[in-house]
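Visitor: My questions will all concern the structure given below.
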Amino acid sequence: MTAPNPSSLVAPIRVPAGTTAGTAVREAGLPGKGEDAIVVVRVDGALKDLSWTPESDTEVEPVAANTEDGRSVIRHSAAHVLAQAVQELFPQAKLGIGPPITDGFYYDFGIDHAFTPEDLTALEKKMKQIIKEGQRFSRRVYESVEEAQAELANEPFKLELVSDKSGADDPEVMEVGGDELSAYDNLNPRTGEREWFDLCRGPHIPTTKHIPAFRLTRSSAAYWRGNQANASMQRVYGTAWESQEALDKHLELLEEAQRRDHRKLGVELDLFSFPDEIGSGLPVFHPKGGIVRKELEDYSRAKHTAAGYEFVNTPHITKENLYQTSGHLDWYSDGMFPPMHIDAELNEDGTVRKPGQNYYLKPMNCPMHHLIYRARGRSYRELPLRLFEFGSVYRYEKSGVVHGLTRVRGMTQDDAHIYTTREQMHEELTSLLRFVLDLLSDYGLDDFYLELSTKDEAKFVGSDEVWEEATKTLEQVALDSGLQLVPDPGGAAFYGPKISVQAKDALGRSWQMSTIQLDFNMPERFNLEYTAADGTRKQPVLIHRALFGSIERFFGVLTEHYAGAFPAWLSPVQAVGIPIADAHAPYLNDIVSQLKAQGIRAEVDSSDDRMNKKIVNHTNQRVPFLLLAGDRDVEAGAVSFRFRDRTQVNGVPRDEAVAAIVDWVNRRENVSPTAELLKLGASD
């Protein structure tokens, strides 16, 4: 599977001068209804309404509703309909912003009232009325900023966007951007009178009837422009699709995603928690979660050792000047925790005898790794030098964006920094990408595409020439992999471009996993050198790489990917013996002892629960192997297997049972064992 293609799947057509794009679409015989209806056109990379009229003959790409771009436009238009419904039912509400987002949309409102589920039901009803009316989306351009300000005098949040054009470069601000200030009127299809309007740069679908299926999903509190220092707002989320069938499939996916939510499973399976006493975004792993985490780390550690990485360890805090040298304090200070001022010495009268220093919790490991590299002279014979650490870092995330294990404030990165020569650079990047993809596949994630994040023109260090060389090198390595490469303009860190490995989970959702960043700037800032073969001193090229992203995030993704039913080799408890009666417990204890002797995490349930209750309990805990024993099993020297899918195999000789479990775990299979897969009683 590849990344979603946002572009049109329809062949280009020509729009004659003075003719609307919609007319050209109809004359070309392209559909105007259904899930493949043309909703907008693309002109030189920009999306335009079907009412757009070119001044000269122009070739355009028709964009269908069932493409990513088509859905995005439908969702943006649905956000407008939502805002119209809110202002009809809650006239006091002031408009914020309402962008399309992945699989949906939202709109922020300045209102003291917190929307209830009953409110969402009423809003959906009102939206359906507006959609049924078929109101036309009509674009008009303001002749001046003053004209826009006059019309929006009662909309303070819109006025802010108009007055300073803030958000012109923000993809979530659809109100302003480009060379014009424009608004969209919702027009009554019979009278042509305006029913409602909103500041917006567009584009939009032709009429509200082009929103075939939608649902409001939830509401929450928010801050204007996501800044806690700004006004508090109420946000309503929704989703919209090109057909009822597509919406139904998405809602089913949402229900399954809720069942797989790692925050919910973390509690049910006793894996981790977020105690209030510790703080937001700071998880603690319980014994069972600790086992899963250790298995993740141990396997990764072994693979890194085999690949020639050298393990290092660095402290959690450092002096301020280290991050001044690296540039983090200039470019990343918003993501860092406040400094700790320590080591000051005072005289008895309170005057300073020795000034203190600022220390920071480290947000990244790389500066400390550079100091390890620089601790002694380096030769070209040592390169590539691959330094690796499971390093704890701390990043200040706003409380509103902290989310379970996937967005935390304290995390452990499987962080590597590779120092190589320019001549080795391409080969090292190629082998590194292969290593990353292979290791992720070993954990059961094997559906990938790549993103190439390039320079943010407002936030970078180094010369344009260096950035261009680094970007071209990464692009070539990515293309050589054969995976789809999706551009991410302006998405790079301040010190270099990066490749991001995007992995799809069992529900088809994309997660950013590994990042590979090429950096020519940091070696210069830290004066990193090596002695070349000709005796001259040269600077190495630096490759930053985090394979999991963070252990916490990877743990959360795998929990949802497997719905808590981890592969047997990762499962906290791999086998549980369930005696039919108390008298059978000693027999199962012997079998469990055999399993433990071969490294299997096994136990016997000797609780007072009835056998059926024990089976239900351990099935709900996603234990991959349940071993049942009664009188016949004891007499025959056998056990009965019970699997996660509730199938059962009876009368398996105990030695064969032990061997089958040990073999399955050691083979690191990433699917749940079943009677069919285990092939009990069958020879190889």
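Here the Cβ of each residue, glycine as well, is placed from N, Cα and C on the backbone.
Dumping what Swiss-Prot says about this protein:
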BINDING   C366, H417, H544  Zn(2+) binding site
DOMAIN    1-64  domain 'TGS'
REGION    261-567  region 'Catalytic'
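Thinking about packing and proximity, how do these listed features fit into the structure?
Guide: The number of other Cβ atoms within 10 Å of the Cβ belonging to H417 (Zn(2+) binding site), over all protein chains shown, comes to 25.
Secondary structure of the domain 'TGS' (1-64) per DSSP, as helix, strand and coil residue counts: 7 helix, 19 strand, 38 coil.
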Visitor: Taking DSSP as the reference, which of helix, strand or coil describes H544 (Zn(2+) binding site)?
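Guide: Assignment for H544 (Zn(2+) binding site) reads strand.
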Visitor: Write out the long-range same-chain contacts of C366 (Zn(2+) binding site), meaning residues 6 or more apart in sequence whose Cβ is under 8 Å from its Cβ.
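Guide: Expected: S326, D415, H417, M522, H544.
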Visitor: Whose Cβ lies within 8 Å of the mean position of the Cβ atoms of C366, H417, H544, the Zn(2+) site, other than those residues?
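Guide: Output for this site, in sequence order: M364, N365, H369, H370, D415, A416, Q517, D519, M522, L542, I543, R545.
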Visitor: Can you tell me the three-state DSSP label for C366 (Zn(2+) binding site)?
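Guide: DSSP call for C366 (Zn(2+) binding site): helix.
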